[in-house]
Every structure is written in structure tokens, then in C-alpha cells.
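The domain 'Helix-hairpin-helix DNA-binding motif class 1' annotation in TrEMBL covers 28-47, 63-82. Sequence annotations record features per position, and here TrEMBL assigns region 'Flexible linker' to 101-113. If you look up TrEMBL, you'll see 114-160 marked as region 'Domain III'.
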Amino acid sequence: MLFIETYVREDMIRLYGFAVEAEREWFRLLMTVQGVGAKVALAVLGVLAPAELANAIAARDLTAIARAPGVGKRVAERIAGELKDKAPGFTDADPAALRLAGEVAEYRVRGPAAEAVSALVNLGYAQLQASAAVAAAAREAGEEAPTEKLIRLGLRELAR
């Protein structure tokens, strides 16, 4: 299932798709923070899974939040400050959905898989899409697959 958020501005309408509803809800919440637009919200969700983001906000872990491209210390402080009361409600999210988001996050940080995700992002795919595609590729090819194979299989997955 795909969860879609419609983003409307004066000059454009954009649709954003999310693998789990918790990601869409966090996207909506992040967009309420002053100075955070769609690009920054997606960057934060590309670095932190929903459960990780909730924990980072609850613990005021500014370093974790600031790992996202385009998020400096000041924006991370604003995110943590404005969303601190809303984070605890998200730690009770559906365990299956959080496990899926965690699987996607797991493939962001390890060796060849991380390199494959980076390559797909450099080709223009969104971080979450690239992570999900590489996760599927790694399941198909095996955990020790080389970067090149993960990229090929990831592209095939994205083309479906």
C-alpha cells in the first residue's frame, strides 16, 4: 500500500508517496515546523525512520536530526522544540510498519548497500525509494552482494 500526501502551493501541486503511514504523518508534522519545507522534511525522513525520529525528538538528539542534508543545528533545534510534545504519540505506532521502516533504514548504513543507495539517489531517486529498492535487491541477491549488483537490481526494482 502507498500512502500519498498532496502538497499544494500557489504555483504547483505535488504528490508525495510513503511506504508506511507513520512516514506520511511525520512528513505532515515536519511541514508544520517553521523553516521546514517538503525538501527538508523528506531529507529528515530519508535519514531517520519514524521510530528513530520520534526517539531523537523525545531525547533532543540534535545530532541525529542534523544528519539530514539541509538541516543544521538551528533547524534541528526548531524541529525538536516544536515537535517534542508530539513525538511520544508516534512511538506507539504499528510495530509491523516500524519494522518495515527499520528494515529500510538498516540498508542505508551498511557497506555496498549504502553505496548503492547513494548511487540511486545521485541518479535522481528519492532516498526512501532508493533505500527500499536496495533493501529488496539485497534480499534477492544476498547480504554480501557487491555494490554494482545491488545498483542493477535496485534499478530493476524501481522500474517495476
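Glycine too: its Cβ is placed from the backbone N, Cα and C atoms.
Note that TrEMBL annotation is computational and uncurated.
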- Query: What are the DSSP helix, strand and coil residue counts for the domain 'Helix-hairpin-helix DNA-binding motif class 1' (28-47)?
  - Reply: 14 helix, 0 strand, 6 coil
- Its residues classified by DSSP, the domain 'Helix-hairpin-helix DNA-binding motif class 1' (63-82) shows 13 helix, 0 strand, 7 coil
- Message: Looking only at the region 'Flexible linker' (101-113), what is the model's average confidence as pLDDT?
- Response: 55
- Count up the helix, strand and coil residues in the region 'Domain III' (114-160) according to DSSP, in that order. 37 helix, 0 strand, 10 coil
